[in-house]
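Asks: Straight from Swiss-Prot, here's the annotation block:
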- 244-294: disulfide bond (DISULFID)
- 253-277: disulfide bond (DISULFID)
- 269-290: disulfide bond (DISULFID)
- 320-338: disulfide bond (DISULFID)
- 332-347: disulfide bond (DISULFID)
- 369-419: disulfide bond (DISULFID)
- 378-402: disulfide bond (DISULFID)
- 394-415: disulfide bond (DISULFID)
- 51-134: domain 'MANSC' (DOMAIN)
- 244-294: domain 'BPTI/Kunitz inhibitor 1' (DOMAIN)
- 229: N-linked glycosylation site (CARBOHYD)
- 501: N-linked glycosylation site (CARBOHYD)
């Protein structure tokens with residue numbers, strides 16, 4: 001009797017489980033999720049933060065600072081946009097525009113960006129409802145560290161702070177920097193020597209091709225100690241081709257951003273106008289960077305490499321429709337390089353996507369009021385005022401005389417009038433982040449459905465088991481005669497403080 005009851009319970013449980021499995025299969029068929037081992041799978045999704053809502057990218061300011069537009073793929077949901085970011089080289093920001101009345105996570109547009117320029121976070125944002133920003137964890141940490149530093153370690157030359165400085169092999173490499181700064185080698189050939197012959201110059205001897213990581217520490221008797229990291233990359237001959245000998249590339253997008261490129265014929269850096277996307281590495285924000293990377297370089301533009309049609313493409317390469325590989329910067333340069341011409345076939349998607357991103361309007365034109373005060377790259381001592389959105393007041397800082405940002409006023413009253421109404425709610429990343437859609441709403445429904453099915457099956461089995469035990473306890477004790485078919489049935493059950501520093505020194 002007990003065996004029959006348990007068998008009936010098992011059949012019922014199996015029946016429920018089969019119904020659940022069929023329902024799950026139907027749900028999965030509707031909206032499949034990417035496997036964890038694929039580039040757009042769960043391992044990729046875990047690299048991103050939860051979405052930062054109600055802010056949109058200030059495209060003009062971001063690209064002017066060095067951010068790069070990477071594309072605008074078609075996507076139905078926010079997390080589809082993130083998956084596209086996972087499979088796009090250098091993508092660290094997926095910006096989505098929500099679809100009005102489209103349901104949870106339904107979107108109308110997806111934009112992919114690289115918000116790093118030489119390891120510095122350079123994207124700017126403005127408050128606007130209807131948008132969500134998904135950043136990689138690494139990028140978000142970089143942003144939080146930038147905010148936490150306040151003035152960003154202003155007594156250490158900002159031109160060197162946290163960046164990857166490209167240089168030619170020189171004996172020695174001479175850099176301008178502030179006095180009282182100690183250099184400590186963290187990574188690279190230990191034969192390198194740091195010498196100081198002038199108060200505001202440092203000489204690096206023994207550099208070889210490769211990468212060096214230095215920690216700069218500024219110590220003053222009247223100020224707290226400050227540190228910053230500097231990466232120096234001594235370019236190889238192959239890298240020099242890309243950074244110095246390649247012809248400058250405006251790109252397909254129709255923006256207008258001043259940049260510098262190196263002209264190896266005249267051995268000087270020249271200005272040009274960058275369109276905003278699909279550039280190459282001979283593209284610098286500042287003339288000083290350009291000259292340091294390409295000092296005294298001579299030569300001609302490298303020959304165009306033939307497509308490689310065997311093996312898989314590297315991350316820096318463009319994959320042609322027929323499977324061949326070409327250098328990534330050859331995409332959309334008005335010259336077909338793929339045998340099938342596919343590198344020039346879909347360039348309009350970049351143009352239209354960037355135009356759409358540029359045409360997103362936001363009400364506030366006071367985004368600079370939420371920026372940290374910037375002393376710039378020069379070393380003058382000019383008293384200025386900056387606006388603090390946390391206190392909603394203006395405070396003094398010392399401006400170095402060049403570069404910097406617009407949160408820079410000659411008079412306190414001018415500062416207050418220009419930034420009236422700006423508060424901490426206008427600072428990107430401070431508002432409560434949206435829920436983490438590590439899976440889409442369909443995947444969430446699947447998970448809930450599975451849990452319910454498991455609970456139902458376990459409840460049926462448990463109920464039948466205890467009911468059977470109770471009946472056996474109340475029945476007379478007797479031992480039925482053994483039969484050859486009798487057997488024993490056993491069951492086993494396996495079950496982030498942002499600060500504004502009020503003391504700044506010039507660079």
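Glycine is no exception: its Cβ is also placed from the backbone N, Cα and C atoms.
Bear in mind that the values here come from a model prediction, so they are computed numbers and not experimental data.
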Asks: Using only C-alpha positions, which one of 320, 378, 419 is spatially nearest residue 290 (disulfide bond)? These are the disulfide-bonded residues in the record.
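Replies: Answer for the nearest of the disulfide-bonded residues: 378.
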Asks: How many Å separate the Cα atoms of residue 338 (disulfide bond) and residue 277 (disulfide bond)?
Replies: 20
Asks: Just how many other Cβ atoms lie inside 10 Å of the Cβ on residue 229 (N-linked glycosylation site)?
Replies: 16
Asks: What residues, ordered by sequence, lie under 8 A Cβ-to-Cβ from residue 253 (disulfide bond) and sit at least six positions away in the same chain?
Replies: 69, 275, 276, 277, 278, 350, 351, 354, 355
Asks: Which of the disulfide-bonded residues 269, 294, 419 has its Cα closest in space to the Cα of residue 402 (disulfide bond)?
Replies: 269
Asks: Give the mean pLDDT for the domain 'BPTI/Kunitz inhibitor 1' (244-294) on the 0 to 100 scale.
Replies: 95
Asks: Should any of the disulfide-bonded residues 269, 347, 369, 394, 419 have a Cα within 10 Å of the Cα of residue 294 (disulfide bond), which are they?
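Replies: So the list reads 269.
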Asks: If you skip the near sequence neighbours and keep only those at least six away, which residues in the chain come within under 8 angstroms of residue 419 (disulfide bond), Cβ to Cβ?
Replies: 366, 369, 387, 389, 394, 407
Asks: Would you identify which of the disulfide-bonded residues 378, 394 has the most other C-beta atoms lying within 10 angstroms of its C-beta?
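Replies: By the 10 Å Cβ neighbour count, 394 comes out on top.
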Asks: Please determine which of the disulfide-bonded residues listed here (290, 320, 402) has the lowest count of neighbouring CB atoms within 10 Å.
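Replies: Minimum Cβ neighbour count within 10 Å, taken over the disulfide-bonded residues 290, 320, 402, occurs at 402.
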Asks: Counting only other Cβ atoms and using a 10 Å cut-off, which of the disulfide-bonded residues 244, 415 scores lowest?
Replies: 415
Asks: Ranking the disulfide-bonded residues 277, 347 by other Cβ atoms within 10 Å, which is at the bottom?
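Replies: Taking 277, 347 as the disulfide-bonded residues, the minimal 10 Å Cβ count falls on 347.
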